[in-house]
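To keep things clear, I will list the structure first and then write my remarks on it.
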Amino acid sequence: MAEVLVVVEAGVKKVTLEMLTVARALGTPSAVVFGEADTAKLAEYGAEKIYVAAGADVEDYLVAPKATVVASLVKQVQPAAVLLGATQEGKEIAGRLAVKLDNGLLTDAVAVDADGTATQGIFAGSAVVKSKVTKGLPIITIRPNSTTPEAAPAAGTVEQLTVAVDDADKLTKVVERVAEKKGSRPELTEASIVVSGGRGVGSGDNFKLVEELADLLGGAVGASRAAVDSGFYPHQFQVGQTGKTVSPQLYVALGISGAIQHRAGMQTSKTIVAVNKDAEAPIFELADYGVVGDLFKVVPQAAEEIRKRK
Amino acid sequence: MNIVVLVKQVPDSGSSRELASDNTVDRASASNVINEMDEYAIEEALKIKEAHGGEVTVLTMGPAGATESIRKALSMGPDKAVHVTDDALHGSCAVATSKVLAAALGTLNADVIIAGAESTDGRVQVMPHMLAERLGIAALTGARKLTVEGNQLTAERQTDEGYEVVTAATPAVVSVWDTINEPRYPSFKGIMAAKKKPVQTLSLADLGISADEVGTAGATSQVLEFAKRPERSGGTKVTDEGDGGAQLVAYLTNEKFV
Ligand SMILES: Cc1cc2nc3c(=O)[nH]c(=O)nc-3n(C[C@H](O)[C@H](O)[C@H](O)COP(=O)(O)OP(=O)(O)OC[C@H]3O[C@@H](n4cnc5c(N)ncnc54)[C@H](O)[C@@H]3O)c2cc1C
Ligand SMILES: Nc1ncnc2c1ncn2[C@@H]1O[C@H](COP(=O)(O)O)[C@@H](O)[C@H]1O
């Protein structure tokens, strides 16, 4: 069976394990790693080979060298497909790769068939399409949380790559990488539970309520755009059309009205729960369970109740 | 500074959006607007011009009807526009679009090219890097802050974990998030002035690209099936009468989330 290249992002994200799982339907998964990665984990989830490209030439510049590494690997091993995470970096590498290889690409797939047909949600998840790359090999970015990773131990043979990048790949230098507050919470797009707050939360300080409930449920924190624009919570946690798309098992919306642009980022969640004091709020149209009430009463009580049950 | 802003016209996300019978985005029936993120790109371009001098050109590839969005963009303050339009472009994939935009950019000699980080219809987030790749120039993408000193650009690139500081010399492609600035509203004077600003139209022939490289003919991917997802319907709704939190947890426990 032909190899399927799975491009790994720093830290082996959950989407990486999902991709290794999806890749098995298309061929034999090989992971492509930049710098360091947990190779044991990659092997556990099915990476037969692990290609490692390391060094300043790939690690100190933005995206372009990584695309060059993947492109030369494609030419060398003639894989059946290339899978990348539907993350900012994954999409950027995919875009460059498609241009380099004059090849089609499909982004944000939630499923891939054995023949490379991808299923994608479009128009804010309100419709589903099946598409196929018709020129070249399937280059597909996979949306986090679209499959359950399944372990399937494989050899995980590490192969160091000799990195040969062009000068044009080294035009954008990464001078600094800064981590902002996050703590131990799961990554927003990968979390199986997301608790989001909206304008109704009222202030940045009050977001502690949202964080507390998220922590009790083991979930990530999200925010509506109104909450972000009001300065309650940082932009990287925004859910919606101009923020992240999440598809968790459980989405909890606190003080969020449910505007179409917010729905765009969360309506494919498995179960949706909402707390809103306005019984007519559109969020109730999609909530599996809704509480009409003041979140400042309902949320602390819920938190207390969960603590009791633990 | 010679600055080009990439502006895409998209179906309004607040309206209902459809695929046409040929499985391409139905741009005729939807009400169309400037891709929201591109308004931030325009604002950033105008700021650079105000600080460093130069000229701002709007570049759009889209159907004839996109002139509406081009005039709106110009009313914010850019000097002129280039509109690439050709019937053969209908249904172009991202790869082909990048070919066309790169060819148009080739005629514009920009120091800085500013795009939105993503479009609301495609949401593919690939165009800025595709263009940088084709033009062989730097890319600083996902910026929430941009500083220009001489020919050196420095951006704070927003990441899931926080941000990265990236630098490059011009010429470069920059893409911006809506955290970067607050776009200005067009003034009445701006709206009047926009009517007289030059808009150059380019066809595929002008760019030396043949019709079979783009559009549905040259598409590198194809939509096979399209289906509307069934609408979600509301479930149980309870009114808090002092035990709303407890009832919520009872539900969550029943669903095995607690
Ligand atoms: C192009 C475009 C892109 C956009 N992208 C996004 C996006 O990515 N994400 C996004 O979220 N939005 C986005 N929006 C904005 C969107 O249209 C809404 O304005 C936004 O989602 C509203 O946020 P909200 O629900 O928090 O605020 P509001 O609509 O103001 O709702 C607040 C809710 O809180 C409730 N409330 C108030 N106090 C309490 C209380 N004490 N207890 C319980 N409930 C309370 C109110 O009843 C109300 O329903 C976009 C808009 C446009 C035009
Ligand atoms: N047809 C187009 N015309 C002009 N600019 C475009 C076009 N398509 C994409 N862009 C630019 O590229 C950005 C990212 O788009 P996308 O890669 O489609 O998410 C947009 O915000 C625009 O600035």
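Each residue, glycine too, has its Cβ placed from N, Cα and C.
What TrEMBL says about a protein is an automatic prediction, not a curated fact.
These numbers come from a predicted model, not from an experiment.
Copied over from TrEMBL, here are the features:
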type: BINDING; residues: A:ARG199, A:224-225, A:238-242, A:255-262, A:ASN276; note: FAD binding site
type: DOMAIN; residues: A:4-178; note: domain 'Electron transfer flavoprotein alpha/beta-subunit N-terminal'
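Distribution of TrEMBL features across the structure.
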residue	record	Cβ contacts under 8 Å, 6 or more apart
A:ARG199	FAD binding site	A:SER224, A:ALA226, A:ALA227, A:SER230, A:GLY255, A:ILE256, A:SER257
A:GLN238	FAD binding site	A:GLY222, A:ALA223, A:SER224, A:ARG225, A:VAL228, A:LYS244, A:GLY265
A:GLN241	FAD binding site	A:ALA124, A:GLN261, A:HIS262, A:ALA264, A:GLY265
A:ALA259	FAD binding site	A:SER224, A:GLY240, A:PRO282
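The predicted model assigns the domain 'Electron transfer flavoprotein alpha/beta-subunit N-terminal' (A:4-178) a mean pLDDT of 95. Neighbour density around each Cβ, counted as other Cβ atoms within 10 Å, peaks among the binding-site residues A:ILE256, A:HIS262 at A:ILE256.
The subset of binding-site residues A:GLN238, A:GLN241, A:ILE256, A:HIS262 lying near chain B, with Cβ atoms under 8 Å apart, consists of A:GLN241. In three-state terms derived from DSSP, A:ARG199 (FAD binding site) belongs to a helical segment. Under the DSSP three-state reduction, A:GLN238 (FAD binding site) is assigned to strand.
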